[in-house]
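If you check Swiss-Prot, you get these features:
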type: ACT_SITE; residues: ASP90; note: active site, proton acceptor
type: ACT_SITE; residues: ASP265; note: active site, nucleophile
type: BINDING; residues: ASP90, SER91, GLY92, GLY93, PHE94, ASP144, GLN188, GLY215; note: substrate binding site
type: BINDING; residues: CYS303, CYS305, CYS308, HIS334; note: Zn(2+) binding site
type: REGION; residues: 246-252; note: region 'RNA binding'
type: REGION; residues: 270-274; note: region 'RNA binding'
Amino acid sequence: MLKFTVHKTSGGARRGTLELNHGTVETPVFQPVGTYGSVKAMSPVELNDIGAQIILGNTFHLWLRPGLEIVEQFGGLHEFIGWDKPILTDSGGFQVFSLSDMRKLTEEGCTFQSPINGDKLFLSPEISMKIQTVLNSDIVMQLDECTPGQVDHATAQKSLQMSLRWAERSRRAFDDLKNPNALFGIVQGNLYTDLRQESLEGLMQVGFDGIAIGGLSVGEPKPEMYRMLTELKDMLPADKPHYLMGVGTPEDLVHGVANGVDMFDCVMPTRNARNGWIFTQWGDVKIKNARYKDDKKPLDEECACYACRNFSRAYLHHLHRVGEILGARLNTIHNLFYYQELMREMRKAIEEDRFEDFRLEFAAKRARSVN
């Protein structure tokens with residue numbers, strides 16, 4: 001089930017709702033990444049407290065561990081991990097294609113060695129749909145082929161055409177399995193506008209509940225990613241949710257929303273938090289820096305997260321320097337809260353038709369740098 005409604009626009013930005021089997025999501029939305037069924041360093045209660053509406057699970061990794069049999073015994077991923085809100089699962093394609101020296105790609109699918117024990121495994125559109133049906137994720141992604149950051153036109157076209165054939169197979173398998181959830185197609189085509197259009201037109205013929213933009217933030221220069229988003233803005237169907245996969249920084253989120261993107265996911269706020277890189281409205285904090293060793297201020301005096309309400313930069317600096325796990329947890333709570341707050345602010349700005357003003361204020365604040 002999926003019902004998507006756009007309630008308000010401001011320039012190219014859209015404010016909507018996404019009704020799914022496990023609840024309604026307010027868009028634009030950021031999805032924390034829970035690779036193995038867990039958002040690193042966060043409990044489901046903490047995710048709920050910071051305002052997370054939907055999380056992402058990784059089909060490839062959950063297939064390998066704990067395996068479908070275990071998840072199926074629990075009745076699906078929601079029950080297994082104790083999360084009652086929506087979940088999106090990727091198709092497993094990106095992880096498989098990252099194993100470039102351990103895989104063989106054919107029209108049927110991809111044969112590869114398990115990175116865990118070396119077993120020979122095979123992933124096809126049909127198998128990906130079966131896995132995601134067992135997981136019972138609210139949003140299922142088609143299996144596609146991912147190209148590196150920059151390839152020639154012919155290579156990109158050959159790849160996207162196979163992805164379109166796999167899109168048709170994903171759609172058929174999804175329907176044959178009588179999966180009651182939503183299925184998204186993925187636009188590929190590298191950095192070539194004509195190929196992106198070809199991909200999108202093919203997906204529209206197949207018929208999907210939402211459209212994802214894949215193959216960006218994979219090593220291409222940032223201006224090229226922004227150019228492609230701008231060019232895609234007017235091509236994407238207005239009545240379907242637009243999902244930018246694997247992106248990104250706070251600036252990327254604002255730029256994406258300005259270009260009609262409704263959904264994002266990225267490991268950046270959690271991964272950076274564990275490495276002591278913290279995002280705030282005033283710029284980024286590298287908490288390991290000696291300048292913070294006796295700083296009594298919170299990370300952001302205007303932030304309402306648990307870390308900022310209770311702890312100083314000096315304490316977070318200390319925790320990071322001695323390698324205490326609490327430091328990684330507090331940094332993660334803050335970063336994810338900041339990302340959720342940024343999305344809340346963008347939703348409010350769109351509702352009040354002042355998104356462009358918000359965008360200018362956001363850039364000015366982030367440029368000021370942390371005091």
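Glycine residues also receive a Cβ, built from the backbone N, Cα and C atoms like all the rest.
A map of Swiss-Prot features onto the structure.
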residue : record                       : Cβ contacts under 8 Å, 6 or more apart
ASP90   : active site, proton acceptor : LEU56, GLY57, ASN58, THR59, PHE60, MET141, MET245
SER91   : substrate binding site       : THR59, SER128, GLN132, VAL140, MET141, GLN142, LEU143, ASP144, SER170, ILE186
GLY92   : substrate binding site       : ASN58, THR59, PHE60, TRP63, LEU123, SER128, ILE131, LEU143
GLN188  : substrate binding site       : ASP144, GLU145, CYS146, THR147, ALA156, SER159, LEU160, SER163, LEU195, ARG196, SER199, GLY214, GLY215
ASP265  : active site, nucleophile     : PHE30, GLN31, PRO32, VAL33, LEU56, LEU88, MET245, GLY246, VAL247
CYS303  : Zn(2+) binding site          : THR280, GLN281, HIS334, PHE337, TYR338, GLU341
CYS305  : Zn(2+) binding site          : ILE50, ILE333, HIS334, PHE337, TYR338
CYS308  : Zn(2+) binding site          : PRO298, LEU299, ASP300, GLU301, HIS334
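Under DSSP, the residues of the region 'RNA binding' (270-274) split into helix, strand and coil as follows: 5 helix, 0 strand, 0 coil. For the recorded site, HIS334 (Zn(2+) binding site), the DSSP three-state label reads helix. Residues ASP90, SER91, GLY92, GLY93, PHE94, ASP144, GLN188, GLY215 are listed as the substrate binders, and the farthest two of them sit 16 Å apart at their Cα atoms.
Here the binding-site residues are GLY93, GLY215; the one with the fewest Cβ atoms within 10 Å of its Cβ is GLY93. Cβ atoms within 8 Å of the centroid of the Cβ atoms of CYS303, CYS305, CYS308, HIS334 (the Zn(2+) site) belong to the same-chain residues THR280, PRO298, LEU299, ASP300, ALA304, TYR306, ALA307, ARG309, ILE333, PHE337, TYR338, site residues excluded.
In the three-state DSSP classification, the residue listed as 'active site, nucleophile' falls within a strand. Shown for the region 'RNA binding' (246-252): DSSP residue counts in helix, strand and coil, namely 3 helix, 1 strand, 3 coil. The 10 Å shell around the Cβ of HIS334 (Zn(2+) binding site) contains 28 further Cβ atoms across the protein chains shown. Around PHE94 (substrate binding site), the same-chain residues six or more apart in sequence whose CB sits under 8 Å from its CB are PHE60, CYS146, GLY246, listed in sequence order.
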